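Accompanying notes for the structure given below.
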Amino acid sequence: MANYFNTLNLRNQLAQLGKCRFMAREEFADEASYLKGKKVVIVGCGAQGLNQGLNMRDSGLDIAYALRAEAIAEKRASWRKATENGFKVGTYEELIPQADLVVNLTPDKQHTSVVQAVQPLMKDGAALGYSHGFNIVEVGEQVRKDVTVVMVAPKCPGTEVREEYKRGFGVPTLIAVHPENDPKGEGMAIAKAWAAATGGHRAGVLESSFVAEVKSDLMGEQTILCGMLQAGSLLCFDKLVAEGTDAAYAEKLIQFGWETITEALKQGGITLMMDRLSNPAKVRAYALSEQLKTIMAPLFQKHMDDIISGEFSSGMMADWANDDKKLLGWREETGKTAFETAAQFEGKIGEQDYFDQGVVMIAMVKAGVELAFETMVAAGIVEESAYYESLHELPLIANTIARKRLYEMNVVISDTAEYGNYLFSYAAVPLLQEFMTTLQAGDLGKQAQTSTSVDNAQLRDVNEAIRHHDIETVGRKLRGYMTDMKRIAVAG
């Protein structure tokens, strides 16, 4: 198999990278009805598998789980989760031949073996679904020509897919049909019904392509969504402790700070996040973010280049073949960091204190979001896709850190995201060491800002620059669709 994207000519590469259409609410008037009365079999019962299945069942679909025979015989976690939630469970041989839609929600590294196992069992004209297109785009999986191949990609971890659905809402979602596999022309109808069944139509759906989803998803998770949060956590914690802050207090400020800061980001973009600061702190955060963008731009560009070329995926797949030696080593090292092992502060930190004491954290968020967005758009990815893969998903990832620090983030995200996170953070931490030595009183921690005055013209220019960045323009439009957004922060 060859990397699918690299087999396309330049015109097709650009066309697929740039495919993105915001779908109107009216297009989902039938909700999940196209799949009602049909059999949907999910392969895999991890975070996405279980939670999408719960939503789809609650939306009236017939859901069952196909698991490997040994997982059933040994009553592994996947079997327990499916059976404890009242789902029908069977082997591939028992369930796949009856399925109208087979949804592959196993980890990326298992996709090739899973798809090769289920394809011979699928009935003629059935559909195969993914929630991430890595197997199709990067691995180059070849699927039978009578099989329709679709994707529904919720833009958040599986746990949040369920939580937002239970709140009566949903999460923004990308849907796509693989152009090489739509023999009956029903791919879009299947994808729309599946997206509606998960609740995604209530938060906004983009019609995209497998290529655009994969390339933008990899870029977002490696840089701002996971890599920047991990690098920022380690750098800021070490800086606070080195300057005399109690380690437990520093840990809590960082652990819950990202979530509190990005809740403002979710509700009102970078503009609202920056507006939570005093005017002197806002001007300072803006200056810090501009410095960070200059320092980090080449790193962001390298990640985008390696994703587009396939260099990233080939390196990760080589690690798969080596029993995840790099991934597991990086995971172990992260677990031993001072931030991860620090005691928990039992006192309360006020909501505004997270902003006032986290000026450089806000600068990191602003710089990372804007750089990820700008770098994706420069590579041919449409602004709406770049927004969802940089700004919108960030509060959901920050929420995982608030639960159990970096450990929880890396457990919840995919192995693909985790591998990319380590690549970025291991490069970003040394890259930003010198920058961290230039921080002033008031940039991080309890020390007061050294300046309490602001030049009116400078403040005006800063506000204009913040509010008129392209990500703020597209963000205002997309957030207008999400009128039912629910607050998720749990900071204490």
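Yeah, the Cβs are placed from backbone N, Cα and C, and that goes for glycine too.
The active site feature in Swiss-Prot is assigned to His132; the stated evidence is sequence analysis. Spatially close to His132 (active site) yet at least six residues away along the chain are Asp108, Met151, Ala153, Glu213, Val214, Asp217, Ser414, Thr416, judged by Cβ distances under 8 angstroms.
Counting every protein chain shown, the number of other Cβ atoms lying within 10 Å of the Cβ of Ser78 (NADP(+) binding site) is 21. For the recorded site, Ser78 (NADP(+) binding site), the DSSP three-state label reads helix. The NADP(+) binding site annotation in Swiss-Prot covers Cys45, Gly46, Ala47, Gln48, Arg68, Arg76, Ser78, Asp108, Lys109, Gln110, Gly158.
Residue environment of Glu393 (Mg(2+) 2 binding site) contains 26 other Cβ atoms, counted within 10 Å of its Cβ in all protein chains. Positions annotated as Mg(2+) 2 binding site by Swiss-Prot: Asp217, Glu389, Glu393.
Residues annotated as Mg(2+) 1 binding site in Swiss-Prot, with sequence analysis given as evidence: Asp217, Glu221. With a 10 A radius on its CB, Asp217 (Mg(2+) 2 binding site) counts 26 other CB atoms from all the protein chains.
The substrate binding site feature in Swiss-Prot is assigned to Ser414; the stated evidence is sequence analysis. Within 10 Å of the C-beta of Ser414 (substrate binding site) there are 22 other C-beta atoms, taking all protein chains into account.
The domain 'KARI N-terminal Rossmann' annotation in Swiss-Prot covers 15-208.
Looking at the domain 'KARI C-terminal knotted 1' (209-344) alone, the prediction's average pLDDT is 97. Annotation comment: Swiss-Prot describes 209-344 as domain 'KARI C-terminal knotted 1'.
Summarising the annotation, Swiss-Prot assigns domain 'KARI C-terminal knotted 2' to 345-485. Look at the domain 'KARI C-terminal knotted 2' (345-485): DSSP puts its residues at 102 helix, 0 strand, 39 coil.
For Glu389 (Mg(2+) 2 binding site), the binding-site residues whose C-alpha atoms fall inside a 10 Å radius of its own C-alpha are Glu221, out of Arg68, Ser78, Lys109, Gly158, Glu221. Within the group of binding-site residues (Glu221, Glu389), the Cβ with the highest number of other Cβ atoms inside 10 Å belongs to Glu389. Only Glu221, of the binding-site residues Arg68, Lys109, Glu221, have a C-alpha within 10 angstroms of the C-alpha of Glu393 (Mg(2+) 2 binding site). Contacts of Cys45 (NADP(+) binding site) defined by a Cβ separation under 8 A and a same-chain sequence distance of 6+ are given as Gly53, Tyr65, Leu67, Ala77, Ser78, Trp79, Lys81, Ala82, Leu105, in order along the sequence. In terms of DSSP helix, strand and coil, the domain 'KARI C-terminal knotted 1' (209-344) has 119 helix, 0 strand, 17 coil.
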